[in-house]
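S.K.: This is the structure I have questions about; it appears just below.
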Amino acid sequence: MKTLWKNCHIASMAHGKYSIIEDAAIVTSGALIEWIGPQAALAEPEHDNCIDLDGAWVTPGLIDCHTHTVFGGNRSGEFEQRLQGVSYAEIAAAGGGIASTVRATRAASEDELYASAERRLRHLLKDGVTTVEMKSGYGLDLENERKILRVIRRLGNTQPVTVRATCLAAHALPPEYADRADDYINHICNDMLPALAAEGLVDAVDAFCEYLAFSPAQVEQVFITAGQLALPVKLHAEQLSSLGGSSLAARYKALSADHLEFMTEDDAIAMAAAGTVAVLLPGAFYFLRETQLPPMDALRKHGVPIAISTDLNPGTSPGLSLRLMLNMACTLFRMTPEEALAGVTFNAARALGMSATHGSLEVGKVADFVAWNIERPADLAYWLGGDLDKRIVRHGVESSI
């Protein structure tokens, strides 16, 4: 069906800029954009449907490119403990931290995980998100990583959102492999990744390169295996220390390296040369009260594309609003509203390997967009929370969330 969406202003985000079109219109044909431009330049179109957007500002659908949406349990009790003076080490020694999430996730059924993840996902969708990446990583064995990835696929098949599934088996060391990190990495490479990829459950492979997780050498083994399986890679890197993980990611042409508070200028140079996107996660920075900022000057100087995401997870960023992350990126990292919006559209699509079809409003791309009742695009980063008045269009069809 061909639809004319008229009477709007557009921030198309082409090339990662606002790329504003005033007094504009969009023609969609099925799920794709057929025409976009000033309404006055549109010849009398043939269309089956005409929708008046009442002067709204239209942006691409938002893309949350780094989340851990599927997990069992709840760690708000630990949050309260930390604020009462209990250290993270004490919480972990008592069986808390990521170990508690792994236990709860392993104990939960697929249906239970789906139900809790669906509730969290609906918050993102109400914020204007039309594409989301979700990681495994709280199962840490084949059976439970498969369970999480199956839930992720199910969410993509049942909810009005495009979902990309990332296998993060190399997230932490499971209890049954205590003090045997090399053995666990071998298990991931020899058993888990080949099986999960063969079942069609994996779109990309991620790992956590950090002193409290896995070394660059161990991560490299995972990357080599991913390459043999023709799967792109991503990396949690330089969140708490500088181990050269982001340069390692660049060497393997990773889609993205994420967190990056402790990355160096040499890392930025390597990422720019490889086209690897820097995914910044202001929610985790805020929640952990970090003080080391990502090197924004180096990222800008060398032209590294910058994306923003919620990092939705139970331990370090229980963030249910991608728009709130826009404000945090501007306030904490001193990004401009234009940079921040590019970070959840154009560059977020690049971070998922989807830039040919998503992330900007251009002819031939997927017709995912949001018509916002706002005065200017910067309002999306300006307002702190709240459900802004909007109309969400996915694949050329208005969606009711």
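Residue positions begin at 1 at the first shown residue.
In case you wondered, yes, glycine gets a Cβ from its N, Cα and C as well.
Below, the features straight out of Swiss-Prot:
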BINDING   HIS66, HIS68, HIS236, ASP311  Zn(2+) binding site
BINDING   HIS66, HIS68, HIS236, ASP311  Fe(3+) binding site
BINDING   ARG75, TYR138, HIS171, GLN239, THR316  4-imidazolone-5-propanoate binding site
BINDING   TYR138, ASN313, GLY315  N-formimidoyl-L-glutamate binding site
S.K.: May I ask which of the binding-site residues HIS66, HIS236, ASP311, GLY315 is closest to TYR138 (4-imidazolone-5-propanoate binding site) if we compare their C-alpha atoms?
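M.R.: Out of the listed candidates, the nearest Cα belongs to GLY315.
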S.K.: Express in Å, rounded to the nearest integer, the largest CA to CA distance found among the N-formimidoyl-L-glutamate-binding residues TYR138, ASN313, GLY315 named in the record.
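M.R.: Roughly 11 Å, rounded to the nearest whole number.
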S.K.: Rank aside, I only need the closest one: which of the binding-site residues HIS66, HIS68, ARG75, HIS171, GLN239 has its C-alpha nearest to that of GLY315 (N-formimidoyl-L-glutamate binding site)?
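M.R.: With Cα distances computed to GLY315 (N-formimidoyl-L-glutamate binding site), the winner among HIS66, HIS68, ARG75, HIS171, GLN239 is ARG75.
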S.K.: Report the nearest neighbour of ASN313 (N-formimidoyl-L-glutamate binding site) in space among the binding-site residues HIS66, HIS68, ARG75, GLN239, comparing Cα positions.
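M.R.: That would be HIS68, the closest of HIS66, HIS68, ARG75, GLN239 to ASN313 (N-formimidoyl-L-glutamate binding site).
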S.K.: State the Cα to Cα distance, in Å, between HIS66 (Zn(2+) binding site) and THR316 (4-imidazolone-5-propanoate binding site), rounded to an integer.
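M.R.: A Cα-Cα distance of 13 Å.
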S.K.: Looking at the binding-site residues GLN239, THR316, which sits with the largest number of other Cβ atoms within 10 Å of its Cβ?
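M.R.: Most Cβ neighbours within 10 Å: GLN239.
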S.K.: Please determine which of the binding-site residues listed here (HIS68, TYR138, GLY315) has the lowest count of neighbouring CB atoms within 10 Å.
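M.R.: Minimum Cβ neighbour count within 10 Å, taken over the binding-site residues HIS68, TYR138, GLY315, occurs at GLY315.
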S.K.: Applying the rule Cβ within 8 Å of the centroid of the Cβ atoms of TYR138, ASN313, GLY315, what extra residues of the same chain belong around the N-formimidoyl-L-glutamate site?
M.R.: HIS68, PHE71, ARG75, ILE98, THR101, GLY137, PRO314, THR316
S.K.: Filter the binding-site residues HIS68, HIS236, ASP311 down to those whose C-alpha lies within 10 angstroms of the C-alpha of HIS171 (4-imidazolone-5-propanoate binding site); answer none if the list is empty.
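M.R.: For HIS171 (4-imidazolone-5-propanoate binding site), the binding-site residues whose Cα atoms are within 10 Å come to HIS236.
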S.K.: Please identify, among the binding-site residues ARG75, GLN239, THR316, the one with the smallest Cα-Cα distance to HIS68 (Zn(2+) binding site).
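M.R.: For HIS68 (Zn(2+) binding site), the closest Cα among ARG75, GLN239, THR316 is found at THR316.
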